[in-house]
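Beneath this line is the structure, given in structure tokens, with notes to follow.
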Amino acid sequence: MDSSNLGSVPEETLEEQLHQQQQESKPVVSAFASVPDRPPTQGFSQKYSPLDWSGYFDREEDICIPDSNDVFHLYMTGTEGPVIFCLHGGGYSGLSFALSASKIKEKARIVAMDLRGHGKSSTENDLDLSIETMCNDVFAVLKALYGDSPPAIVLVGHSMGGSVAVHVAAKKTLRSLAGLVVVDVVEGTAMASLMHMQKILSNRMQHFSSIEKAIEWSVRGGSLRNIDSARVSIPTTLKYDDSKKCYVYRARLEETEQYWRGWITGYEASIRRVPLLDYKFSSPVSRYEGLSEKFLSCPVPKLLLLAGTDRLDRALTIGQMQGKFQMVVVRHTGHAIQEDAPDEFAMLILNFISRNRIGPHGVEIPGLCRPARPQS
């Protein structure tokens, strides 16, 4: 693409232009002026400047996977309690959970992973976002961290990461799995939105002259509603392109279309970039083993967090009526609940592990009160 036609955020925002006009039209202040000038407001660069991960996590670590060149980047905090293992959505990074982690770490350990093709992780094939590959990545990282004796683990997955979490849990091979939290991904809605994904991705701002501009765009464009979270998480979703002399997205999601349906059904298209509307399931059993059925089949306590009233399919509707999982609708947030409402998200996670008595080894956590039961 010609770098002269980059669709980046304008170099001067409306706020900056207004300030410039005020400066040009401001009269010379005499010694007899009765009203002093207002103090300068917070500058653009300061308002949208990046925040370092170390203010929210205790450490970062690179996990090298044996017999491969794959290296996965982790952010970690907390010293006791169960492990809250966080998987971010497509195009995000582990730092998507930064603000909420700073609250959860008082009662649990948090590990936030950069999935392949995202953040600071580096793999032999960053474009292989098949559900099977990403599940294997999670198992490999857990094995490298904890060996054959992992502590109690609660999988928390947002969007694409929620699908990975469900598929990992549904395999029923992680013996220490103690809970599953899925954030804003429902099979019916996800399937309906797949046909629009390429358009959504192409309509995003593609190039940024600075990280500050990218943070500004994410907040003003509405993709994130919490400016502090954006200042932490957005920088690791970008990389600098020397040829274009600007910042572009780290994750090349538009090149992974063949895997999108697999995040929901468990089956990918066999030919690269098969048109979504022409997709045929590779196996008739897949229609019965979609995301909802896998979610309900997981033999652990489950929590579904939604950003708004969503379309629950028949399986989830029946499952909710039967009390097979807990569902909470978090109002006034966007798609990234953990970023937009980190305090409420942290509270919901802590209440979930308390309600289900999920401790370091499956016992009740000291200091966390169980919700009071209604009087009979």
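Think of each number as a place in line: the chain as shown, counted from 1.
Cβ coordinates are placed from backbone N, Cα and C, and glycine is handled just like the others.
Predicted, not measured: the structure shown is a model, and the values here were computed from it.
Straight from TrEMBL, the features:
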ACT_SITE  S159  active site
ACT_SITE  D184  active site
ACT_SITE  H335  active site
DOMAIN    84-346  domain 'AB hydrolase-1'
REGION    1-45  region 'Disordered'
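For H335 (active site), the Cβ neighbour count at a 10 Å cut-off comes to 19, with all displayed protein chains included. It is 6 Å from the Cα atom of D184 (active site) to that of S159 (active site). Reported as a whole number, the C-alpha separation between H335 (active site) and S159 (active site) equals 8 Å. Around S159 (active site), the same-chain residues at least 6 positions away in sequence with a Cβ under 8 Å from its Cβ are H88, G89, G90, Y92, V183, D184, V185, H335. Its Cβ taken as reference, D184 (active site) is surrounded by 24 other Cβ atoms within 10 Å in the chains shown.
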